[in-house]
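Student: Pasting a structure here, questions to come.
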Amino acid sequence: MATFFSTVFSSPNPLRSKSILHYNQQLTVKCNAAAAPPLPTEVRTFWKWLCDEKVVSSTSPAKPGTVPEGLGLVAERDIGRNEVILEMPKKFWINPDTVSASEIGKVCNGLKPWISVALFLIREKLREENDYSPWRNYIDILPEYTDSTIFWSEEELCEIEGTQLLSTTLSVKEYVKNEFLQVQEQVILPNKRLFPFVVTFEDFIWAFGILRSRAFSRLRGQNLVLIPLADLINHSPSITTEDYAYEIKGAGLFSRDQIFSLRTPIPVKAGQQVLIQYDLNKSNAELALDYGFIESTPDRNTYTLTLQISDSDPYFDDKLDIAESNGTKAVQYFDITLGRPLPPKMLPYLRLVALGGTDAFLLESIFRNSVWDHLELPVSRDNEEVICQVVRSACQSALSSYRTTIEEDEKLKGGDLDRRVEIAVGIRSGEKMVLQHIDGIFKEREMELDEYEYYQERRLRDLGLVGEQGDIIFWEPK
C-alpha cells in the first residue's frame, strides 16, 4: 500500500492559509466600561493625538477601553447595527505606500510588502526618544507579544507536541528567520544611517506577529494595512454574519482621498465592547497561530490531510495529467472539519492515487475525458479497500504521536489552566477528534465494501447485461 501513497498525513504548507495577514489579538468577552481600570498613559496619549488630529472627538461613539483581552473598543453610547463607529483617513494608515514615502522607502523597494512594513514598525519602535515621529503614539500601544504560538517558549510548545499546529508554527518561524537573515544582510547592515541600532530576530518576529494579528485584509486595493485605533477591535465567536464590518470608501464626492470605515455588525449597549467576527473560515489552529485564541465550536476543529501522487508511481504522468485537468495537483491538501462530510474531491483523488493493477485501464487516453466521473464512484473492491486501509492506518499513526488521549484532555478542560495551556489542550483534543472522525468514516466504508457497486458492474448494467436481481445475463448462441 505504501507504493500508492507517498505522503498521507503531514503538516500543511504554513504559508498557504487563505489570508496569512489579518488583524487583532484575543478572544472577547463583553465588559462594563465603568468597572474597567483606568487606561494606561500610552493609550491616553494615543487618544489625545487622534483628537488633536481631528480624527476622533469627545462625541465619538466608541473609545479605547481596558477589557479582559487587554485593550478593546468600548461603546460610549448605545450603537445601532451597522452604524459607523470610526473613520480613519488614509494618511493615518500604515501600508507599503507609507513605507515608500518614509525615509527607508528607497532601501525597501523590491521587498515583499510585509517585510517592508515590518522594517518600518521596527524602525519606529527602536527610534531614540529624542528622534520624534508621530507614529510613536501608535507604536507605544502595541503589545510586546500576543498568545500566538509564534511567541510560545519551548516548554509551552511541548504542550502541542504531535499536532499539525506545532509543525506549522516551527515552519513559520523558520520562514521568518530566513527572511530576516536575508533582509539583515541586504538592507539593515548596509544602511547603518537608517538603522543605527541593533535589529534582532526577536524584533523581526515581533513585527511579523503584529502584522499577522492586526493587519486588515480583504480590502479593496489593500492586501496589507494597519489601521490605528480600528485594530483595537476584538473578536466575538457569537457574531456569525459574513458581512464585512469594514470597508474603504471615498472621503467625499469631489475628493480622491480614501477613508477606512468601521461599523458594528450588531447593536451594542453603552459600556459594552464593540466586537466583530474575524473570519468564519479559519480553523482553531489558524486562530491560535494568528491571534492567540481558539473557539469551543466543533466546526473550528480541522485537520489537513495531505495526499500525494508518488514520484515512483509507474503511472505518475497519467495520474498527474488527470489530477491537473480536474483542479487538483500532485500534492493536494484537504481540510477535514469535525462533523462535516469529506471534501468533494477527496475520494476521487484517493481513488486516482491508488489506481493500479487491473484498474489501470482507466488511465488510458480513451478514458481521459471521463475518468474523473468514474472516480466519483467506487472503482473496484481492491481500490476501495486500499484507500480505506491506508487512511485508517495513517489516522492511527497520527493519533499515536500525541502525548495525551482525548479523555485526558477532556479532564483538563474547565480547570484552572494557563491561557496558553488551555489553547494547547483545545488544539490537540480538537485534532484528535477530527482524526477519529476521519477514521470512523473510512471504517464504515470498509465494512460496506461488499455492498458497493463498482465500475465493472455499472458498465454491465449500462449495457443491459445485468438482470433485475443483479445477476449477469448470458445469451446462448443460435
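Just so you know, glycine gets a Cβ as well, placed from its N, Cα and C.
Pulled these features from TrEMBL for this protein:
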{"type": "DOMAIN", "residues": "53-279", "note": "domain 'SET'"}
{"type": "BINDING", "residues": "GLU69, GLY70, LEU71, ARG214, ASN234, HIS235", "note": "S-adenosyl-L-methionine binding site"}
{"type": "BINDING", "residues": "ARG214, ARG218, ASP231, TYR246, TYR278, TYR291", "note": "substrate binding site"}
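Are these features on the surface or tucked inside, and what touches them?
Tutor: Every protein chain shown contributes to the tally, and the Cβ of ASN234 (S-adenosyl-L-methionine binding site) ends up with 26 other Cβ atoms within 10 Å.
Around the Cβ of ASP231 (substrate binding site), 24 further Cβ atoms fall within 10 Å across all displayed protein chains.
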Student: Any idea what the model's mean pLDDT is for the domain 'SET' (53-279)?
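Tutor: Summing pLDDT over the domain 'SET' (53-279) and dividing by its length gives 93.
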Student: Nearest to LEU71 (S-adenosyl-L-methionine binding site) by Cα, among ARG218, TYR278, TYR291 (binding-site residues)?
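Tutor: For LEU71 (S-adenosyl-L-methionine binding site), the closest Cα among ARG218, TYR278, TYR291 is found at TYR291.
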Student: Can you tell which of the binding-site residues (ARG214, ARG218) has the fewest other C-beta atoms within 10 angstroms of its C-beta?
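Tutor: Least crowded of the binding-site residues ARG214, ARG218, by Cβ count within 10 Å, is ARG218.
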Student: For the substrate binding site, please report the maximum Cα-Cα distance among ARG214, ARG218, ASP231, TYR246, TYR278, TYR291 in Å.
Tutor: 19
Student: Express the distance between the Cα positions of TYR291 (substrate binding site) and ARG214 (S-adenosyl-L-methionine binding site) as a whole number of Å.
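Tutor: Just about 8 Å between their Cα atoms.
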Student: Counting distance between Cα atoms, which of the binding-site residues ARG218, ASP231, TYR246, TYR278 is nearest GLY70 (S-adenosyl-L-methionine binding site)?
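Tutor: Ranked by Cα distance from GLY70 (S-adenosyl-L-methionine binding site), first place goes to ASP231.
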